[in-house]
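Worksheet: the structure to be examined is printed underneath.
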């Protein structure tokens, strides 16, 4: 009975002690692996967990992560460079780890349980007999009072109900220890007493020092109980034998003798951050194991161990007198919802360029559930900047983003990450791989403006100087074009060489030139030659050679057609055409312009070889094999070119000389009715100009020929009879009737009895007979009679080759170009004399010194002619150029 009462009081005492310890009781702390554990899944096929252990515990213990859905399964983990989703406690140095758990059974109702276990079995066990493990209660209300000669230390102890308590005042005694404050308790002084107070004499203390004392209850030596004393007010910590530091140690349990079993143990302080221990007990060997709670941790002191406490209730000490107590690793865990812990794989980032802008595109990992929506976070920056200074854009349900306001010629970097939204949650995925690109170079606006201004100014300068240069080049080019109007030789339009009166004489003496043709000739005579400077061309031409006109049989008197001056062209006697002999169409010269050009491109035969016998009827049949191609004097002829300087200024005497020359030659005069009108045109127009025809009649209607654009040798002017041909070139200076030199041609008449001439072989040349040249050599005022030694071509006899009075005995009359102008070659001061060099019958070379300077009296109404050059000239523009046609290889014996 007494023992039962003592047990009851002991339990009550233990309960009171537990209540007294309640203020220091705390729950076991979470370990570092449990604090840092975070797990996220892709909600498809795997779970990724990240946690960390302390660096101090690495050499003592190795922790393993366990995943439990139906049963616990260890998870393989590996060291990682960083702690992914949590932070390491500041009081520890962490070692991060990363675990990948293959898992596909995701559901919104699943709760995954994660825990940690050490790789070795940790724990201890103890059998506790109550009577032999009694620890008396701790003294309470310890106080000290001073007096004059002593210090009184008092305390109290509650033993509870004496009927149930195993302890009595006889079973306990007190131990008092005191020391200086800075001393250790191992060096403290102690004393034993059975009273609840003790007196300290002053001699026990050092003056001016602070002492500390503590009291504890212990079993008296005469008690039947055994155990140990109660705890000191301040606990004493001492070192134990060496051993495994990771193992918990110094497990002690003391029954208070009432109803509580107080247990304590110690853990190496460096392992307390990684491993948590708990106290487990069994009241009997067959009873289930239970966990002691709460576990109290003493504040860490100078000791290297950390002490833990836990009190076990002992409701029936007599029934359960032996407890099994153990300290084991305390397994801790927490629940994580999978659908709220999703981390997706990083997206794949690409970039496209759209004209002047750039666009980012990305693709995400395909998930098991396609209805899960995503949000994206895009960052882009200059390559030289840090990501903290980057621009960040958050986009929901988008897979592209346009980039604007990018600087040209700059390198940029971009990255993107993703996480689920809506009913699912998680964390951001890792950043995608950085995509780097460089923007195109764009010219700044200011540069464009400056370049445009520069180009405009440059273009204006180029246009300015270009126009000046082109204008100068044009003027130089134009100045290089031969333009006779710039020379004093052609200030009068060439009237000194071909006066209008001579042309009028041709028109008046030719009955065929009546009507529109005569008016046309008169108009041409009256016009000034100012048109020679541009592209205007002479409208004068001849009739079509296909129309053969026969001169009338009656007498023909031709009055002068010019009002200013008249000149009668000497009659040229020709034989009438044979009525029964057909007329052959003759080639003609092209007078379509101011220059003389041939209608065909082959050389002409010599004149003497083409002369034929006249017909019986007195008509001359010209039969030329081809048209004139060059104006050449016949080689070997005796015709001479008379210097005009010897015959200038003689007035009407030259007309008489021309007539007398013809009479003296012995050739009979030709009747006026038989004289065909003679007209020479010195202008030649290109084929594309519009010609105006001038009809030339041969006398009779049967002898009429078609008017054309050519002057043919078959015309009466250029048709040579069998008799000698007399030509007189003389100016009529001083007389109003003849103001310019005239060309006097006399065609001797062949007797009717003479045989008809064959086809002339040299009809394409104009020959000057010696009589004309001799007449020209006569001094002024004393005309010498012409020498009747002109050669006459007799049919059947070989013709003697006589050279013309040309500077070139070859007979070729070639113009000489000096600068921009053309002259008769060899024209210069002095008299013109015939060459004594023997002529070459088949070579026409360039002539030298052909014409001498002429001094002509200048009248008020017309400029003085300067030289017997070409009558008309034009500026070389457009088609008006003087060119030589190609040589005819068939006429290899002649140059012309």
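Our numbering is plain: 1 for the first residue shown, then up by one each step along the chain.
For all residues, glycine too, the Cβ spot is worked out from N, Cα and C.
Within the set 147, 165, 400, 752, Swiss-Prot records phosphoserine at 752. Noted from Swiss-Prot: of 284, 754, 790, the annotation phosphoserine belongs to 754. Within the set 141, 536, Swiss-Prot records N-linked glycosylation site at 141.
Looking at 376-397, 420-441, 442-463, 464-485, the stretch flagged in Swiss-Prot as transmembrane segment turns out to be 442-463. Among the ranges 220-243, 244-267, 292-315, 316-339, the stretch that Swiss-Prot annotates as region 'Disordered' is 220-243. Matching 491-530, 771-810, 811-850 against Swiss-Prot, the residues noted as region 'Disordered' span 771-810. Among the recorded positions 49, 62, 88, 94, 141, 310, the ones whose Cα sits within 10 Å of the Cα of residue 77 (disulfide bond) are 49. Restricting the recorded positions 39, 141, 350 to those with a CA within 10 Å of the CA of residue 99 (disulfide bond) leaves 39, listed by sequence position.
In terms of C-alpha distance, the listed disulfide-bonded residues 39, 94, 310 place 94 closest to residue 62 (N-linked glycosylation site). Mapped onto DSSP classes, the motif 'WSXWS motif' (428-432) shows 0 helix, 0 strand, 5 coil. Secondary structure at residue 39 (disulfide bond), taken from DSSP and collapsed to helix, strand or coil, is strand. Counting only the Cα atoms, the space from residue 253 (disulfide bond) to residue 292 (disulfide bond) is about 12 angstrom.
Within 10 Å of the C-beta of residue 141 (N-linked glycosylation site) there are 10 other C-beta atoms, taking all protein chains into account.
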